[in-house]
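Annotation comment: TrEMBL describes Pro99, Leu100, Ser101, Arg102, Gly103, Leu104, Gly105, Ser106, Ser107, Ser108, Ala109 as ATP binding site. The domain 'GHMP kinase N-terminal' feature in TrEMBL is assigned to 70-152. The feature domain 'GHMP kinase C-terminal' is assigned by TrEMBL to 232-282.
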Amino acid sequence: MATVSLPRGYKRLKAACRVPASVANLGPGFDCLGLALGMHNELAAEIGTSSTSVEVHGEGEDDLPRDENNLVVQAMYQTFERLKRKPVPVWVRCTNRIPLSRGLGSSSAAIVGGVFLANELCGRPWDRPQLFQLAAEIEGHPDNVAPALMGGLTVSVTKEDGSFETLAVELDSLSKWKYVVVIPDFSVDTAKARKLLPNRVTFDDAVHNVGRSSLLVAALLKGPSKSTNAVLREAMKDALHQPHRSKLISGRDEVMAAAYEAGALGVCVSGSGPALLAIGSKWATRIGEAMVEAFASKKQTSRYEVLPFEPTGTISLGVHNF
C-alpha cells in the first residue's frame, strides 16, 4: 500500500488482533451465558489512501464480502462514528479459523474484531466495557460478544434501557474441563433459528432454566469433581430454546446421546447450532469420535475439535503482523 499520513483524530496507521470462538447459551443460559474457547481469528487493519478493501483467508474466503459490506469493516465504521472520527478507507486482512454459521460466534468475532481494531487505530480511547456495549448493540445480544471480547465464562444481561452488563470469570477451574466441539458440514441461519422461538414461555419453564443455569455456573466454576460431575447433565437441560430448534439439526438427539454414552458429563447445542458442545473431565477423543460417528449414522459429515478454555479474550497482536 502507498504510504499515508496519519489522519486527524487517529493515533496509529496499523493494528492487529486475535479473537476467540465462543459458545453461547451453554444449554439453559439462553442469551446470557457464554464461553470463550481456543479457536481464533486473526484480523489486521491499515488506514489506506483510496477505497476500502478486504482480504479473507481460511473460513469464508469464497463467500465473505471484500469491501465495505464486510462485517469487520461495518463494525469499524460504526466505531469510528461513535468516536466522532471521520471515516477513512481501510485495508483489512482476515485470517479466519472459526467456521461460519455453525454456532461458534463467527459473526461476533467479526464484530468484536472490527470494534477492537477501530479503537486501536484511534489510540484506545475506550476501555473494554465500552467496546462491549457497542459490540453487543451491533450484534443485538451479548452472549457471544462478551466471551469473544472479555474471554472466560461470561454472564450477561440486557437492561431495561437496552444497554448491557456482563461479568467475565477466568478461574483456573474452568481450564480443567475438557471441551469437545463437533462441527457438522451444514449451516444454521441464526435469524431463522430465532424465529422458531415462542414469544412467551410458561412460568414452570422459566423456573426450570433459572435453576439449571445457576447450577451450571456453580458446577463449571467449581471444576471437575465427584459432586459436579454428578450434576452437570441435569444442569445443562434446557426448556426455552433447544426443543424449538431441534428440527434444524438433523441427528441432534442421537449425537447428544452418543456423547453421553462415550463419557460426556454435559452436552448442549452451541449457540443456535449446528455445532454441539460436550463437556467432560476425561475421554475427550472418545467423545469427539462418538459424536462424529453419530452424525455419520444420519448421513451427515462432521469433524470434532478438542479446544482449550480461553481466559483472555481479544488481544492486540501489534503491527509486527503486517
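Placement of Cβ uses the backbone N, Cα and C atoms for every residue, glycine included.
On the structure: features taken from TrEMBL.
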residue: Pro99; record: ATP binding site; Cβ contacts under 8 Å, 6 or more apart: Glu59, Ser106, Ile183, Ala275
residue: Ser101; record: ATP binding site; Cβ contacts under 8 Å, 6 or more apart: Ser187, Val188, Asp189, Thr190
residue: Gly103; record: ATP binding site; Cβ contacts under 8 Å, 6 or more apart: Val23, Ala24, Val188, Val269, Ser270, Gly271, Ser272, Gly273, Pro274, Ala275
residue: Gly105; record: ATP binding site; Cβ contacts under 8 Å, 6 or more apart: Ala21, Ser22, Val23, Ala24, Ile98, Asn144, Pro147, Ala148, Gly271
residue: Ser107; record: ATP binding site; Cβ contacts under 8 Å, 6 or more apart: Leu71, Glu139, Asn144, Thr190
residue: Ala109; record: ATP binding site; Cβ contacts under 8 Å, 6 or more apart: Val19, Pro20, Ala21, Ser22, Asn41, Ile98, Ala148
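In the three-state DSSP classification, Gly103 (ATP binding site) falls within coil. Shown for the domain 'GHMP kinase C-terminal' (232-282): DSSP residue counts in helix, strand and coil, namely 22 helix, 9 strand, 20 coil. Those same-chain residues not listed among Pro99, Leu100, Ser101, Arg102, Gly103, Leu104, Gly105, Ser106, Ser107, Ser108, Ala109 yet with C-beta within 8 angstroms of the centroid of the ATP site C-beta atoms are Ala21, Ile98, Gly271.
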